[in-house]
Amino acid sequence: MQQRVSWNSKLGLILAAAGNAVGLGNILRFPSKAALYGGGAFMVPYFVALVLMGLPLMIIEWVIGRYAGRHGHGSMTGILGLFFNHASWARVLGSIGVAIPLLICMYYIYIESWTLGFAFLSLFGKMPTPVINSDAHEAVKPYVNFFKEYTKPSIMAYFFLVLTLLINWFILQKGIRRGIEITAKIGMPAIIVFGVFLGIICISANNWKGFEGLKFIYNLNFSGITNPVVWVEAAGQIFFTLSLGMGAIAVYASYVNPKEDVIKAGIWTALINEFVEVVIGASIAIPAAFAMFSSVVIPELAQEGTFRLGFMTMPAVFMSFPLGWLISFIWFMLLFLAALTSSLALIQPLIALFEDEMKWGHTKSVSVSMIFVIIGAHFSAFIPNFIDELDFWAGCFMLLLFGLLEIIIFIWIFGMNNFYKELTQNTKIILPKAFFYVVAVVSPFFIFSILYFWVVKDFKNIVFTEEPTKIVARLFILLFLVFLSIIAVKSRKIIMRDIRYTKVMKK
Ligand code: PHE
């Protein structure tokens, strides 16, 4: 078996994994979900989901990833195959774990390109001039129009989309060490510095009125716990922000050397991500909006979608500050760096699929993967509703389902003893076995019940549609799944041939 590439250093590995997890989810998605579902009322299910599901699944994906990497697999197609003697059905099932990150990437990267575009527009003084008005609607209006013009999409938007795609392509072509790891080593410290800086500005804005925003998020209360939608959204956010339930963490873990302490790495990944979410993410967008507008409009602003907050409300706030163009530039650079280190992680599973399962060379694997990303990004840019449809199916529903599947397969089918043996290898942090018995029962039950209540309550409204653009998006998702299934079955022959060959060589 050929030597698998690995991360260059421990620090590099942790920063790469943190870069994977820290993204638009932390700085944009989290504050808008929190605002939408009542601040402190959202945070209770959020923390419950973090402990019962997020942390255990994070550790599971690291352990499984290291195990699979040792056997030459990184993508979920290969990983699930590995557990069932490379049976076709298992490989096909695993393909869902390659489809999800790529489908997410197809719209994520388009949004990433807006952040780059808006960073440049801020730097060159091309953002609209602020209207000072305590009425949020009036103050935000110029930026709403500006954003609508930009995402029509304008030529400018298209230019930055191409640039963003090229940047991702270039870094991925450089590979794990010289591409992804180096980007994270530069990006992560910058994200923290920019984030802390903006957090301080927003909380202290308007004579510390921003502080009210932080209080709103941390006014913990139980008023949300009877609403299944709040639970689904909170659990969905945990999955999304920690990059769980789709093999995006496992693929990075497959590039560690076999002796790496993956428990430590998993805990660090979660800690850094949660710092950037519940400390930095909580201190920017919502406090800024509280500082400038009356608090009654906040849920209303959040209602209009995750992106409104980032691309319309925030520039309206920042541009009204002294040196507004600079603060706005830092805001969009923060978003861009966070998004970039995540989009790399969203594409890597497909690259690993081609490299490990099809045995293609690196350049070919990267190029073919990028072609899919490019096609998907064009759909996102030119077909209305495409982004939201993908975000719902891949970014929420399939994630929960696949997360459930991961726990069942990795703990129940792999077997608690095998899992525990794998878990306790090369680590100083010994988690008690009882903990995993609890996880094995509680986490699946938790995910299953939120899915159940939510399907009962909302599914019908969501599934039935006559909107043609939504149907196009769903067909696209289906076709992509079929394509990946074909690859999963076809590549099986290559893997089986390799296994036979290794056996013969051993004799
Ligand atoms: N965790 C990233 C974020 O918070 C999104 C992501 C999901 C990245 C899955 C990689 C894999 O934005």
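Just so it is clear, glycine is given a Cβ too, placed from its N, Cα and C backbone atoms.
Annotations in TrEMBL come from automatic prediction, not curation.
Residues 74, 78-79, 82, 231, 234-235, 237-239, 242, 244-245, 247, 249-254, 256, 258, 260, 262-263, 265-267, 269-270, 274, 403, 406-407, 410-411, 419, 422-423, 431, 436, 439, 442-443, 446-447 of the same chain lie 6 or more positions beyond the ends of the transmembrane segment (47-68) yet place their CB under 8 Å from a CB of it. Taken from TrEMBL, the feature transmembrane segment applies to 47-68 (among others).
According to TrEMBL, the transmembrane segment annotation covers 89-111 (among others).
Annotation comment: TrEMBL describes 155-172 (among others) as transmembrane segment. Within the chain, the transmembrane segment (155-172) has long-range Cβ neighbours (under 8 A, six or more residues past its boundaries) at 109-110, 112-114, 116-117, 120-121, 179-180, 183, 340, 343-344, 347-348, 351, 366, 369-370, 373-374, 377, 381.
As annotated by TrEMBL, transmembrane segment applies to 184-208 (among others).
Per TrEMBL, transmembrane segment is recorded for 228-255 (among others). Same-chain residues lying 6+ beyond the ends of the transmembrane segment (228-255) with a Cβ under 8 Å from its Cβ atoms: 4-7, 13, 16-17, 20-21, 23, 25-26, 29-30, 33, 36-38, 41-42, 45-46, 48-50, 53-54, 57-58, 61-66, 68-69, 73-76, 79, 94, 97-98, 100-101, 104, 176, 262, 265-266, 269-270, 273, 277, 342, 345-346, 348-349, 352, 395-396, 398-400, 402-403, 406, 446-447, 450-451, 453-454, 457-458.
According to TrEMBL, the feature transmembrane segment maps to 275-298 (among others).
Away from its own ends, the transmembrane segment (318-347) comes close to residues 16, 19-28, 101-102, 104-105, 108-109, 111-112, 115-116, 118-119, 122-123, 125, 127-130, 132, 139, 143, 167-168, 171-172, 179-180, 183-184, 187-188, 190-191, 194-195, 197-198, 201, 205, 243, 248, 251-252, 276, 284, 288, 292, 310, 369-370, 373 of its chain (Cβ-Cβ under 8 Å, at least six residues beyond either end). Residues or ranges marked as transmembrane segment by TrEMBL: 318-347 (among others).
What TrEMBL lists as transmembrane segment is 368-386 (among others). Within its own chain, the transmembrane segment (368-386) has Cβ neighbours under 8 Å at 102-103, 105-107, 109-110, 113, 153, 157-158, 161, 165, 168-169, 172, 347, 350-351, 354, 360, 467, 469-470, 472-473, 476, 480, counting only residues six or more beyond its boundaries.
Residues or ranges marked as transmembrane segment in TrEMBL: 392-414 (among others).
The transmembrane segment annotation in TrEMBL covers 434-455 (among others).
According to TrEMBL, the transmembrane segment annotation covers 471-489 (among others).
Residues 22, 25-28, 30-32, 34-35, 39, 134, 136-137, 139, 191-192, 195-196, 198-200, 202-203, 205-206, 209-214, 216-218, 241, 309-310, 313-314, 316-318, 320, 331, 338 of the same chain, all 6+ positions outside the transmembrane segment (275-298), place their C-beta atoms under 8 angstroms from a C-beta of that stretch. Segment contact holds for the transmembrane segment (392-414) and the transmembrane segment (434-455), given three or more CB pairs below 8 angstroms at sequence separation of 6 or more. Within its own chain, the transmembrane segment (434-455) has Cβ neighbours under 8 Å at 49, 52-53, 56-57, 228-229, 231-232, 235, 400-401, 403-404, 407-408, 411-412, 416, 419-420, 423, counting only residues six or more beyond its boundaries. Note on the transmembrane segment (89-111): residues 23-24, 75-81, 83, 161, 164-165, 168, 245-248, 307, 339, 342-343, 345-347, 349-350, 353, 369, 372-373, 375-377, 379-381, 386-387, 390-391, 393-395, 398-399, 401-402, 405-406, 477, 480-481, 484-485, 487-489, 491-492 of its chain, located 6 or more positions outside it, place their CB under 8 angstroms from a CB of the stretch.
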